[in-house]
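*Asks:* Residues annotated as FAD binding site in TrEMBL: 113, 157, 158, 159, 160, 545. According to TrEMBL, the substrate binding site annotation covers 160. Here TrEMBL flags 112-566 as domain 'Amine oxidase'.
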Ligand SMILES: Cc1cc2nc3c(=O)[nH]c(=O)nc-3n(C[C@H](O)[C@H](O)[C@H](O)COP(=O)(O)OP(=O)(O)OC[C@H]3O[C@@H](n4cnc5c(N)ncnc54)[C@H](O)[C@@H]3O)c2cc1C
């Protein structure tokens with residue numbers, strides 16, 4: 001499908017027009033059809049969690065109840081899922097689930113949402129065509145290989161997979177992709193804060209009260225005298241403050257079942273950002289004896305855990321903890337994250353080489369001002385480009401969806417990958433984990449494996465910056481960003497100056513095909529906003545990581561792709 005060399009939809013002006021062929025607006029409106037689904041977004045909830053108490057140790061996530069449904073698609077196909085679960089998704093189940101013939105679908109974007117949607121639709125008979133801006137598949141999973149020696153590679157985007165991400169792991173297993181452990185936490189790494197001497201992560205954790213008072217004096221100033229002595233530092237304060245909110249979810253699920261429990265909890269807690277929650281105590285009784293947090297405690301948490309995005313909704317913030325997505329059991333593909341996307345594109349599947357002739361079909365017409373000669377038609381389209389790009393696209397996206405996607409914030413993230421003559425850091429910190437700093441580099445990531453294995457001596461260090469820090473590095477000319485990164489790292493590892501060989505910068509907010517790292521929901525958006533975006537509408541379906549319960553993750557990208565594919569398939573059943 002990439003024989004077309006660069007297939008640009010939008011191009012420099014980022015305008016992708018798509019219109020119904022019949023351009024009389026009244027007729028256009030009537031041809032868009034909202035699909036009636038059951039009320040919990042567009043996701044079918046199958047069953048309830050068997051025993052919430054047992055499950056909490058492994059983590060819980062909002063799409064747990066959809067697991068059987070989605071895994072039927074992954075392990076079998078859309079047809080089987082429709083046969084088993086059709087009536088729980090579609091208001092009216094129209095057939096027993098048949099193969100589709102003579103229908104075509106355009107999928108815009110070859111990231112994991114677009115690829116998974118096209119893959120599944122092709123399996124049940126659709127003629128799929130994927131339109132992609134870049135010369136590669138995978139979108140925000142991008143393994144950086146060129147320019148590094150000896151087969152070294154680093155991840156420019158996604159790099160770790162939590163065990164609970166059953167869709168990501170489902171396709172990985174299906175494709176036989178080999179994984180290895182990704183070491184996310186290493187207590188020998190460093191913490192370098194505000195001109196203090198660097199200390200080990202272990203020291204910060206074990207003597208947290210002492211270091212909280214030394215680095216962030218006043219962190220406990222809002223605590224009542226009788227509580228103050230029992231709180232063991234900022235990390236303990238954080239747990240005491242957040243645990244009751246999470247416990248409330250467990251109680252609600254036990255009491256009301258998982259659907260209603262999650263809905264009530266999301267409705268309540270998505271109204272606050274992390275920062276608003278920590279700064280106030282008048283919203284409800286939950287954990288109010290530990291709130292409001294003073295400025296020193298908030299800053300301490302932000303710096304020491306490298307969490308620059310406290311404007312995020314509390315639900316999105318806690319979702320990662322509830323799902324235990326940051327466990328010790330994270331994994332990563334041995335040959336790079338891009339192997340996942342590449343496995344979706346097989347000769348027997350994928351877009352056909354022929355151009356679809358506009359005159360022979362009559363549903364959707366794409367037109368780009370920069371490539372007027374490229375016109376495609378199909379019976380339906382799945383738009384999976386990031387919302388940052390989608391909002392610049394003209395066309396028949398319903399106004400309620402448009403107004404939501406306009407306001408979804410995308411985080412900035414920049415990685416600076418630095419090849420060094422030797423893995424000098426291993427003597428000091430070992431493998432894996434992050435050093436965290438209050439410097440503009442934010443955090444420094446150490447590889448958790450030797451790849452290729454010894455006797456090769458070179459290795460890659462990665463500066464992994466978010467938000468403001470990411471903007472600093474990402475807006476500098478690359479050579480300057482690399483120089484600054486090396487200079488900053490020297491403050492933790494003086495050897496760096498002589499060890500550095502070559503570097504590469506991946507800044508997602510200035511990446512033409514992404515224009516941001518991933519969506520980041522602000523207060524209220526988990527609720528109304530997501531409901532609106534998730535409403536399927538024939539023949540234009542929206543997908544992409546942002547439109548899922550696991551936004552910011554591959555799991556969410558695949559979930560949204562499968563959702564769109566499922567709703568299209570359901571619509572086309574006679
Ligand atoms: C820095 C970073 C770290 C991350 N870490 C993790 C992680 O550790 N684990 C994890 O699971 N997830 C992680 N993620 C998230 C994960 O990478 C994304 O959620 C997922 O890859 C998004 O897939 P998608 O298909 O929704 O979007 P994308 O991958 O962005 O796919 C969209 C596609 O649309 C194409 N496109 C854009 N504009 C146009 C146009 N005009 N015409 C045609 N095509 C167009 C793009 O080129 C792209 O291929 C991370 C993301 C980033 C950026």
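Placement of Cβ uses the backbone N, Cα and C atoms for every residue, glycine included.
Small disclaimer: the values here were computed from a predicted structure and weren't measured.
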*Asks:* Which site among 158, 160, 545 has the most other CB atoms no more than 10 Å from its CB, taking these as binding-site residues?
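*Replies:* It comes out as 545.
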*Asks:* At 10 angstroms around each C-beta, which of the binding-site residues 113, 159 has the fewest other C-beta atoms nearby?
*Replies:* 159
*Asks:* List every residue in the same chain as residue 157 (FAD binding site), at least 6 positions away in sequence, whose Cβ is under 8 Å from its Cβ.
*Replies:* 139, 140, 141, 142, 337, 506, 508, 517
*Asks:* Considering each pair of residues in 113, 157, 158, 159, 160, 545, all listed as binding FAD, report the largest CA to CA distance in Å, no decimals.
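*Replies:* Farthest-apart Cα atoms in 113, 157, 158, 159, 160, 545 are separated by 17 Å.
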*Asks:* For residue 113 (FAD binding site), what is the secondary structure state per DSSP, taken as helix, strand or coil?
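*Replies:* Reduced to three states, the DSSP call for residue 113 (FAD binding site) is helix.
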*Asks:* Over the domain 'Amine oxidase' (112-566), work out the mean pLDDT and round it to an integer.
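*Replies:* Mean pLDDT for the domain 'Amine oxidase' (112-566): 89.
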